[in-house]
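Below is one structure, written out as structure tokens; comments come after it.
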Amino acid sequence: MKYTCIVWYGAWIKRCIENKDSLATTLVSMLTSVSSMAILLEYGFFDAYAGESKDHSPAGKFYTGNIVSMNSASFSHHDMPIEDFTYACLAIFKDRFHNMNGAVSGVCFKSQQLSKVAAVFVWKSLQCCYNYILNQDSRSVLPYFDGFSLDLKYDVFKVVYVSGDSALNFHIFPPHKMLEDKQGLHKDY
């Protein structure tokens with residue numbers, strides 16, 4: 001039986017290139033130390049460049065137990081400039097997202113090192129995800145990439161662990177409400 005695993009690290013703070021290189025080295029070293037359990041095929045840094053959610057929240061979130069699909073496309077940078085390719089992928093995303101029944105949110109990513117883009121979608125259920133995959137007309141996107149050689153990958157995952165799940169389930173109160181609440185957080189100085 002073959003299992004696919006993705007180790008996802010998300011950071012939203014801009015860091016200098018030295019920190020990014022150090023992080024990559026540390027992550028690869030840690031993953032290599034468990035090489036008896038898995039084979040590291042690919043790694044890299046991606047920037048989010050577009051996204052939407054059906055609940056109009058400003059971020060695509062996923063939690064333990066969610067269904068997530070990911071598709072990626074690699075191409076030769078000689079075929080098309082990366083900006084044109086990411087724009088074509090964005091056009092497809094915008095055209096299809098609101099018609100994807102059962103999709104909760106979606107985000108488009110662009111690789112910082114490779115000629116590659118990826119899209120991640122969070123789904124209400126596995127049935128919704130597969131229903132969309134099996135019923136979509138992939139031929140309708142071919143005109144966007146006419147004449148280009150693409151390497152496409154697609155996978156579906158069930159999220160088994162998110163380290164911040166409990167941290168995401170708190171209510172945000174305005175500062176004046178926190179001070180009024182006797183049971184609220186306080187700090188002795």
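Placement of Cβ uses the backbone N, Cα and C atoms for every residue, glycine included.
The model shown is predicted, which means the values in this text are computed figures rather than measured ones.
According to TrEMBL, the domain 'DUF7392' annotation covers 44-157. Helix first, then strand, then coil: DSSP counts for the domain 'DUF7392' (44-157) stand at 36 helix, 42 strand, 36 coil.
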Whole-number mean of pLDDT values that fall within the domain 'DUF7392' (44-157): 85
